[in-house]
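Presented below is the structure to which this report refers.
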Amino acid sequence: MGFNFSLFIHWKMVFCSFYISFPFYLDYMSCIFMGMVLLISGSIIFYSEFYMQSEIYKLRFFFLMFLFVMSMIFLIICPNFFCMLLGWDGLGLVSYLLVIYYQNFKSFYSGLITALTNRVGDVFILCSISLFFCYGSFNYMNFFFNYNMYFCYMFFIASLTKSAQIPFSAWLPAAMAAPTPVSSLVHSSTLVTAGVYIMIRFNYYLIQEIKYLLMFISLLTMIMSGFSGMFEFDLKKIIALSTLSQLGFMMSTISIGFYELAFFHLITHAGFKALLFMCAGFFIHNYHDNQDIRFFGLMNKNFCFSLCMFNIANLSLSGFPFLSGFFSKDLILEFMLKLNFGFIYLILFIVGTFLTVLYSFRLMIYLTFKKSFFNSVEFFPNLLGIQNSMYLLFFFSVFLGFIGSSIFFFPYNYIVLPFKMKILISLICLLSFCCSLKISYMNLELNNYFIMYLSQMWFLYFLKTDLLKYFFLNNSYKFSKVLVTYIENYFGMTLYYYFYFFSDKFLNFFNYLFYLFSFFFVYYIFFYTFLF
């Protein structure tokens, strides 16, 4: 590595019998990642100033964004489990508040599945913290061996929930209900990367069984999201599914032991993924909130510079030579070819790479080469301000991979492979590009069950909101009907009729008593007057 330093800061405060300990750990990973988070979040907040200018509760949005970034920083620099839990829980809570920002039913369903999935990870984090009571310290830096297999599995499941791996993948496309600046921040360097960052930090805890399981799950996630992105037409969902694919790619890199390369790809991915979402939000904003790529057209005439930045980020995502994503993805894929870890895993890697290039070029063809569209276009006067916020991320999408490869990962740059294996990845990308040209102009029958299975995240799509709608809302509606019927029959008009009936009977009864009393009273007065 180019830089290998560590700085441990332990802040303590003692007041009478009250004691607070707050440690910070800074090394090259935490400093680079924290700097990347701050740069990207600064660009996104500057972008949000123009994007959210018509919102009434814009100040609340910026406060939530600030809390979101601070939670991620706590997660990055705190080696103590309790301090790290502030960032871990803060990400889950603030992400729920940001997803339901628009306060409609779709946002509510999406925020609910996001919060519930993150709560699963929080439970396992709390259970792992309870195990550390036996070891006398909560700093995970103090332990370098596999003390407890249960601890490894708990952190493994917790990281799967944050990084949206199978079977916890449903919440990631659902989080697209949030505003586009939130999606840009969540999918680039904060919430979804928290699980990958934790796995990188705890790589020395991973036992061999967990590594095999992690590789299998991450490759399945990569392929599942690739197939779903190939049939999707929602612009933001395609980019979200590409994030899911890249998360699976990073997790598979960690599973074979190259956690430094996984961190390198995490950094490069953060730059071009934030730029993709910002350009997508700009297009959606100008096309009157339309997200269907079939209704976009003439983008090269109307938004030439923004489309150029979008295509550069998209090519960097697919690993186009000499862009930022190429320097990390090519290194990882060549190491995959160099290692001897099984033919099945190699085939899964090749299929995942093929699908990544396929949906990337399909998206580029839909946005760049369509000559007609059916929606009106609105040009905003703050166009220059939105584009200014993208320049830094555009620079990252082009040059960050070269800079990181030259400074930090120089020993990995020289990989000797046979010529046929060396050009294998390039041939796969060319084949994928040819297939994307064919698929982009095909009319696929989406009522085919096999295509539905591939396009709807292997039917994990129904865990997103449909499961909540059917099991919770439908059942609650039926329960409310039963409850209303019960109340109507026993406490509503029936009770009113019972009260009316008994009150009428009591009234008649008291009337009879009154008449009887009056009769005896008159009789007594009459008898007493005439006799005495």
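Cβ from N, Cα, C; glycine included.
Note that the structure is predicted; figures quoted are calculated from it, not measured.
Summarising the annotation, TrEMBL assigns domain 'NADH:quinone oxidoreductase/Mrp antiporter transmembrane' to 80-356.
Annotated domain 'NADH dehydrogenase subunit 5 C-terminal' per TrEMBL: 359-529, in sequence order. Confidence in the domain 'NADH dehydrogenase subunit 5 C-terminal' (359-529), given as mean pLDDT, stands at 72.
According to TrEMBL, the feature transmembrane segment maps to 32-50 (among others).
If you look at the transmembrane segment (62-87), the same-chain residues 6 or more away from its ends with a CB under 8 A from one of its CBs are 8, 21-26, 30, 33-34, 37-38, 41, 44-45, 48, 94-95, 97-98, 101, 125-126, 128-129, 132, 138-141, 181-182, 185, 189-191, 194, 197-198. If you look up TrEMBL, you'll see 62-87 (among others) marked as transmembrane segment.
Positions annotated as transmembrane segment by TrEMBL: 120-138 (among others).
Here TrEMBL flags 182-200 (among others) as transmembrane segment.
With a cut-off of 8 Å between Cβ atoms, the residues of this chain six or more beyond the transmembrane segment (262-283) that come close are 29, 32-33, 36-37, 40, 43-44, 47, 51, 180-181, 183-185, 187-189, 193, 196-197, 200, 235-236, 239, 242-243, 246, 249-251, 253-254, 296, 299, 303, 306-307, 309-310, 312-314, 316-317, 323-325, 327-329, 331-332, 367, 386, 389-390, 393-394, 396-397, 400-401, 404-405, 408-409. Feature annotation from TrEMBL assigns transmembrane segment to 262-283 (among others).
Sequence annotations record features per position, and here TrEMBL assigns transmembrane segment to 303-323 (among others).
Sequence annotations record features per position, and here TrEMBL assigns transmembrane segment to 343-369 (among others).
Note on the transmembrane segment (390-415): residues 1-3, 28, 39-40, 43, 47, 260-261, 264, 267-268, 270-272, 274-275, 278-279, 306, 309, 312-313, 316, 322-328, 331, 334-335, 338 of its chain, located 6 or more positions outside it, place their CB under 8 angstroms from a CB of the stretch. What TrEMBL lists as transmembrane segment is 390-415 (among others).
Among the features that TrEMBL reports, transmembrane segment is placed at 421-439 (among others). Among residues of the same chain six or more beyond the transmembrane segment (421-439), those with a C-beta under 8 A of the stretch's C-beta atoms are 230, 318-319, 330, 333-334, 337, 350, 353-362, 365.
What TrEMBL records for 446-463 (among others) is transmembrane segment.
For 483-500 (among others), the entry in TrEMBL reads transmembrane segment.
Annotation source TrEMBL lists transmembrane segment at 512-531 (among others).
Long-range contacts of the transmembrane segment (343-369) within the same chain: residues 215, 219-220, 222-223, 226-227, 229-230, 232, 235, 238, 241-242, 245-246, 248-249, 252, 283, 293-294, 296, 299-300, 307, 310-311, 314-315, 317-319, 333, 336-337, 424-425, 428-429, 431-433, 435-437, 439-440, each at least 6 residues beyond the stretch ends and with a Cβ under 8 Å from a Cβ of the stretch. Only residues 6 or more beyond the boundaries of the transmembrane segment (303-323), in the same chain, are considered here, and those with a CB under 8 A from a CB of the stretch are 242, 246, 268-269, 272-273, 275-276, 279-280, 282-283, 286, 329-330, 333, 353, 356-357, 360-361, 363-364, 367-368, 387, 390, 393-394, 397-398, 401-402, 425, 429.
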